[in-house]
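J.: What TrEMBL records for CYS341 is active site, nucleophile. Positions annotated as S-adenosyl-L-methionine binding site by TrEMBL: ASP238, ASP268, ASP288. Taken from TrEMBL, the feature compositional bias 'Polar residues' covers 15-30. The compositional bias 'Acidic residues' feature in TrEMBL is assigned to 407-418. Sequence annotations record features per position, and here TrEMBL assigns domain 'SAM-dependent MTase RsmB/NOP-type' to 64-480. Taken from TrEMBL, the feature region 'Disordered' covers 1-31, 400-420.
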Amino acid sequence: KQSLGGEEIVEDQKSPTTETSEHNTQSQALFSADGKRLMHAWSELSSNANQKRSLPSTSKMQAFLQALATPLPLTFRIRRRSKHSQSSDSNQELQKHVQEMFGGWIGEIALQANTALPTNSTSNVIYQAKRINQQQQQLVLSKTNLGHVAPKLKAWLMENSTNGNIARQELGSMLPVLLLSQAFAGKDDENASVSGDSDKSGWMRLGSRVLDLCASPGSKTLQALEVIGPTGRIKANDINASRLESLREAVQRAQVPNSNRVKYTNVDASQFPIPTQDSKFFDVILCDVPCSGDGTIRKDAHILPNWTPQTSNALHSLQVRILVRAIQCLKVGGVMCYSTCSLNPMENEAVVNAALSRIAALKRPCIQAELLPIPSWPGLSLRPGVKQWKVADFVYNDGNGSNSDAVPDDDGNDDDDSEIPRLKWYNTYQDAMDSETTMAHAVRTLWPPEKDDYGLERCGRLWPEDHDSGGFFVALIRRTK
């Protein structure tokens with residue numbers, strides 16, 4: 001828990017000053033309360049002498065929980081612009097203006113520039129709110145306090161979002177397109193022969209044919225549009241017609257050049273039509289599937305109170321079907337990014353392993369795919385994927401009507417209400433089926449494989465404490481046959 005109450009930093013060009021305000025205390029109250037609950041739960045878990053499961057170190061878990069207990073910092077990027085763009089402000093002018101007017105509030109995220117961007121484009125510049133210390137307290141701009149604390153910055157953001165100069169987008173949400181368009185220094189001659197490329201450019205590039213399989217709300221569609229230029233194509237798909245219409249309006253509102261290159265489809269992603277002609281397969285696919293969103297609890301206060309293990313377990317099978325269909329729509333040599341805003345292995349490594357296993361088992365047509373390592377990118381910290389994980393469900397008593405994991409309430413009293421759930425862990429699928437409290441949504445692929453055939457450590461996970469961000473998961477997959 002970070003103490004953020006008491007004083008407010010008031011916008012004044014580059015040099016913030018302070019004045020008394022109750023706004024921060026109010027805007028942080030929910031996050032502080034959730035942070036206390038998280039820290040208490042960890043304390044109870046780590047001090048349990050009978051706990052047989054291996055646990056992360058206390059310092060690492062505290063850093064993780066402390067990050068979750070604070071609101072998500074403001075993040076935005078300056079859009080890539082063609083050198084021939086008619087935008088009123090060039091990227092360089094925008095950068096200069098941001099630094100001069102708001103440099104005390106926000107700073108650039110230190111990611112090394114992509115050296116393989118199309119020659120007619122300029123690179124992304126990503127900004128994030130700074131954590132400012134004032135009298136042993138911290139303040140960071142977020143969506144909950146931006147209008148009150150920094151109204152001039154909010155007005156500037158709204159104006160430049162409307163005219164298409166900037167995009168309000170979280171770092172995690174940016175990752176799929178950033179990674180797919182990043183030069184891959186490890187691309188060797190064998191890989192180049194598969195993809196038909198011998199250069200060192202990214203997989204998503206000028207002229208790419210892209211499928212955004214679960215496209216709404218459209219931030220990745222717009223980001224990809226900036227990369228592929230006037231000769232590329234994007235098909236933006238979403239199962240929800242109203243969300244698809246909102247996506248269409250967002251693309252038009254952003255005033256991004258070449259927006260006529262986007263075509264829209266309203267199809268269940270798990271049943272998206274597989275192309276029947278070689279020329280119709282996709283060079284690159286974005287597969288940001290429906291997920292539990294447990295990586296977004298810093299932004300959405302409703303996620304944590306409503307979270308249950310069943311949420312991820314229930315989504316797993318749908319996520320597998322969508323990923324399988326994405327691989328089937330990818331051209332040979334093409335690369336896709338599977339992603340979620342969840343940290344749960346049931347929605348991530350378990351899905352990747354299950355989908356690749358299902359693809360390998362197909363006979364007609366015979367398809368082969370591989371999990372690629374995440375390209376090295378100085379300044380970007382992604383944790384490797386995991387090979388082992390536990391599977392759990394909520395049960396509401398231990399068979400005797402008591403709750404062994406009861407948490408004291410604010411008065412220090414244990415609440416033994418049988419409606420308060422506790423986690424029950426299942427070592428195997430058979431354990432889940434044989435248990436007196438049968439696990440809901442149990443499928444064999446939720447559990448880790450006995451043998452990792454695909455190198456699951458090649459997946460990447462963005463932890464909130466590493467970049468003061470939300471949580472996010474990415475996996476790069478290439479179709480080889």
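We count from 1, first residue shown onward.
In case you wondered, yes, glycine gets a Cβ from its N, Cα and C as well.
Small disclaimer: the values here were computed from a predicted structure and weren't measured.
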J.: Roughly how wide, in whole Å, is the group ASP238, ASP268, ASP288 that binds S-adenosyl-L-methionine, by largest Cα to Cα distance?
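T.: Result: 14 Å between the two most distant Cα atoms.
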J.: To the nearest whole angstrom, state the Cα distance for the pair ASP268 (S-adenosyl-L-methionine binding site) and CYS341 (active site, nucleophile).
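T.: Pair distance, Cα basis, whole Å: 20 Å.
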J.: Please determine which of the binding-site residues listed here (ASP238, ASP268, ASP288) has the lowest count of neighbouring CB atoms within 10 Å.
T.: ASP268
J.: Could you name the residues, excluding ASP238, ASP268, ASP288, of the same chain that surround the S-adenosyl-L-methionine site, i.e. Cβ within 8 Å of the Cβ centre of those residues, in sequence order?
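T.: Near the S-adenosyl-L-methionine site, the remaining chain residues are LEU213, CYS214, ALA215, SER216, ASN237, ILE239, ASN240, ALA269, VAL289, PRO290, ILE322.
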J.: For CYS341 (active site, nucleophile), list the number of other Cβ atoms lying within 10 Å of its Cβ atom.
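T.: Excluding its own Cβ, CYS341 (active site, nucleophile) sees 24 Cβ atoms within 10 Å.
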J.: Considering every residue in the domain 'SAM-dependent MTase RsmB/NOP-type' (64-480), what is the mean pLDDT value?
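T.: Taking every residue in the domain 'SAM-dependent MTase RsmB/NOP-type' (64-480) and averaging pLDDT yields 85.
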J.: Rounded to the nearest angstrom, how far is the Cα of ASP238 (S-adenosyl-L-methionine binding site) from the Cα of the residue listed as 'active site, nucleophile'?
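T.: Computed Cα spacing between the residue listed as 'active site, nucleophile' and ASP238 (S-adenosyl-L-methionine binding site) is 17 Å.
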